[in-house]
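As structure tokens, the structure follows; a few thoughts come after it.
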Amino acid sequence: MEITNVMEYEAVAKQKLPKMVFDYYASGAEDQWTLKENREAFSRILFRPRILIDVSRIDMTTTVLGFKISMPIMIAPTAMQKMAHPEGEYATARAASAAGTIMTLSSWATSSVEEVASTGPGIRFFQLYVYKDRNVVAQLVRRAERAGFKAIALTVDTPRLGRREADIKNRFTLPPFLTLKNFEGLDLGKMDKADDSGLASYVAGQIDRTLSWKDVKWLQTITTMPILVKGVLTAEDTRLAIQSGAAGIIVSNHGARQLDYVPATITALEEVVKAAQGRLPVFLDGGVRRGTDVFKALALGASGIFIGRPVVFSLAAAGEAGIRNVLQMLRDEFELTMALSGCTSLKEITRSHIVTEAERNRPVPRL
């Protein structure tokens, strides 16, 4: 079957992967309302294209924390990628590098920071979970920095793991031939079988529920890497992130895997952007499957977006070539959306290029 868009990889992955693995990647928390909403909210935003503009040359390049990348489409952290394909995070790192964009490596990767660095050059960020043992955290951050990682994406929405019912039904656990490679030497690399989700039990045992804003400041004392706060959905927390010295914000609901019935990230984005007042860049992850989605996020003030599930599904389907194809398709679609909207560079994408449902429902004053 010829793949013509990003969504089509999901069905291929479902055929190829063991049920426990596919369900782990695909599912959300509880009723999965937010999972559906992350996609559907994009479809309620419409375009206001401008015409008769010379779009023969289009520039999609941008800078993120001072690093120049080919497009505002980056790779979000997704855990345990060797469950999808034997090359796992290695393939993802190579695909991101080939596309000239940023990969974020998960704390819970099945390849270590050193192994990913060994794949060759590339701009890489490291997603961090804060463990109860702060020595483990400090050690991991130092290792990431030594391996050439350029920023920390601190996940702040997971003091406890969300209730993912597919994982409970499947008694999800990391397959025995894999380890959480970053923790292998610390005896934290294996996941025990549990009566519900092995990952939920692991998180309950290891992840620090006391994590607070003071820890964002603490992290800045142990590393020179800039810190992105991942999991912000409100104006209040945006202001606190700025006060805590964050270098950027990722508007994220953890792929709808934590608290169900939070808004879609594209819905929450504008509140965060307005509160940030341009004092730090705001990024988005969650539900991006089309170049049109990327444009909508940028029109609402995002500096860039991150994709998660499309990476693991395409990895499962076709390895590194699959991820390369996903990045290329999104790039091509985004470029086409820019052209058809009359934008030749990212700075030309403005709020006036889109209209939200709320705006459409307002009564229009009669002229």
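Each residue, glycine too, has its Cβ placed from N, Cα and C.
Keep in mind that what you see is a predicted model, and the values were worked out from it rather than measured.
So that you can see what the record holds, here are the features copied from TrEMBL:
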DOMAIN    1-359  domain 'FMN hydroxy acid dehydrogenase'
BINDING   Y24, Y129, R164, H254, R257  glyoxylate binding site
BINDING   77-79, S106, Q127, T155, K230, S252, 285-289, 308-309  FMN binding site
ACT_SITE  H254  active site, proton acceptor
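Note: the Cα of Q127 (FMN binding site) and the Cα of H254 (glyoxylate binding site) are spaced 12 Å from each other.
On its own chain, K230 (FMN binding site) has Q127, A153, L154, T155, V156, D157, I249, I250, S252, D285 as residues at least 6 apart in sequence with a Cβ closer than 8 Å to its own Cβ. Between the CA atoms of R289 (FMN binding site) and H254 (glyoxylate binding site) there is a gap of 16 Å, rounded to the nearest whole number.
Of all Cβ atoms in the protein chains displayed, 21 besides its own lie within 10 Å of the Cβ of Y129 (glyoxylate binding site). Rounded to a whole value, the Cα-Cα separation of Y24 (glyoxylate binding site) and A79 (FMN binding site) is 10 Å.
A distance of 12 Å separates the Cα atom of R257 (glyoxylate binding site) from that of R309 (FMN binding site).
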